[in-house]
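Asker: Quick one: the structure is below, questions incoming.
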């Protein structure tokens with residue numbers, strides 16, 4: 001306040017004879033509630049006016065014009081003031097010294113407003129100055145907070161307390177600074193326009209973690225109960241410091257998935273979901289969720305969440321894997337190739353996880369199993385056995401799929417070992433078998449007769465048959481051919497096979513010597529066995545007849561030869577049945593021999609078996625003991641035994 005005492009004489013010296021009504025008061029002044037305030041004031045009036053009965057002054061609140069009846073704050077002539085100012089105001093200045101300084105005690109917030117001074121020099125010399133002092137009564141201190149607080153940049157916060165009450169001097173103290181990194185404090189005293197302000201400045205470097213934290217400034221007057229506090233919440237701007245998204249995940253094709261993204265920043269960031277270079281969704285918020293419905297393999301890939309709030313940019317990515325069964329593999333088209341060609345069969349597919357690819361030929365595994373989306377089966381110099389269906393099978397844990405192709409191998413005819421000529425009942429039968437693709441054409445050539453036999457020739461019972469790539473041709477020659485030195489028939493038959501890739505002609509071998517040797521052996525053994533069986537059977541019949549006639553040593557007289565012949569004939573029929581049974585056994589033996597040797601069982605029988613095939617048994621050896629022989633029909637054997645010959649008619 002000592003400055004005010006120096007200022008007033010200076011203003012009086014500056015006053016000149018311009019004689020203008022003028023006043024000087026601070027435009028703004030502040031005070032704390034329940035404290036006091038001094039409003040400095042000096043005034044001037046025209047020099048030609050002589051005060052009448054002294055100089056008086058009046059302070060108005062709110063309005064400068066008396067006719068509007070503003071509240072009277074102070075009046076030097078009387079103590080009549082507005083009720084709210086009773087006992088609170090006092091004029092500190094000397095009006096005769098043109099000092100109109102006013103003191104207001106125990107002020108409240110209701111006293112905030114404009115204060116006008118009116119000079120009363122007596123008579124009509126009264127004047128209300130239009131200039132005013134605006135009082136602000138504070139119930140808490142002011143904190144000067146920058147418009148923008150940026151993380152990691154030094155920050156200064158200043159707390160102000162007015163010091164316009166001469167009897168009390170305030171003190172300032174910061175609250176809740178323990179968590180601040182290395183805070184610094186500095187005090188200052190500001191005086192402007194005869195108003196004083198005490199300040200205290202807090203300096204520190206904020207971090208993102210301090211955003212939203214509380215800081216406080218306390219103003220108190222020592223030796224009083226007057227305490228004033230103000231709290232602020234730090235609004236610290238910082239770039240995105242974390243971007244949280246789902247962990248990378250796997251989903252099945254056709255399902256739904258939601259991707260979440262949260263960004264820690266101040267102010268909130270513009271959050272965008274990116275798939276490659278495509279922006280799928282954005283919003284200014286603290287979190288954004290992206291929903292994907294009915295996902296397909298096209299949705300698989302890297303999804304990036306980007307946060308940008310003007311103070312910085314940050315992003316985080318995740319990988320979304322879409323699982324699905326293998327697609328139908330893509331393979332080569334079916335093809336027809338020439339024997340000896342090398343091939344490369346390609347099979348490609350898609351699946352997640354990557355499928356295994358397996359090549360199968362006619363259901364059998366070929367090649368190796370490949371755990372990839374591409375498999376190549378290489379076939380070097382393909383043979384006719386490579387002909388068939390090739391299938392590529394793709395499998396993973398979610399399913400399987402396959403595709404097939406057919407490979408047709410074309411090749412020149414090949415004669416099969418079954419081709420030969422054999423002797424049959426009707427003559428000679430020649431068979432020619434060959435395989436090839438296209439199916440080979442078969443012709444027979446008889447060089448001795450200079451005749452070519454093919455399917456257009458019907459003289460030799462020509463027969464052809466095709467089964468797949470195998471062709472069979474057969475002819476029958478009714479003449480067995482001339483005998484050669486070794487006794488066998490001479491056959492000269494050539495088989496000619498051909499298709500578009502080649503021709504071959506081969507002399508067919510006659511497969512008869514081995515067969516007929518075996519037939520002779522079998523026939524001889526069979527004939528001896530049959531004869532032995534017949535002899536044993538005849539003796540068995542004779543022995544039974546002796547037992548039926550009683551004592552074999554007695555003479556027997558045939559009283560009824562016809563009846564006895566009937567019995568013998570019956571035994572003869574039984575004997576024939578046994579002989580026929582033996583023949584059937586011989587035939588079965590012949591069949592077994594054919595299966596063992598692989599030769600045709602149709603052979604010409606030889607030896608004694610040949611006679612048995614065409615003749616019936618028409619004799620029997622009978623022994624008559626003690627019989628009376630008829631004349632001319634009896635005889636004696638070399639051993640002296642009697643016998644009788646019975647002739648069949």
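In case you wondered, yes, glycine gets a Cβ from its N, Cα and C as well.
Caution: TrEMBL annotation is automatic and unverified by curators.
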Asker: Transmembrane segment per TrEMBL sits at which of 447-469, 470-492, 493-515, 516-538?
Answerer: 516-538
Asker: In TrEMBL, which of 608-628, 629-649 is tagged region 'Disordered'?
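Answerer: Based on what TrEMBL states, region 'Disordered' spans 629-649.
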Asker: How does the model score the domain 'Ig-like' (141-233) in terms of mean pLDDT?
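Answerer: PLDDT averaged over the stretch: 93.
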Asker: Count the residues of the domain 'Ig-like' (141-233) that DSSP assigns to helix (H, G, I), to strand (E, B) and to coil, and report the three numbers in that order.
Answerer: 3 helix, 51 strand, 39 coil
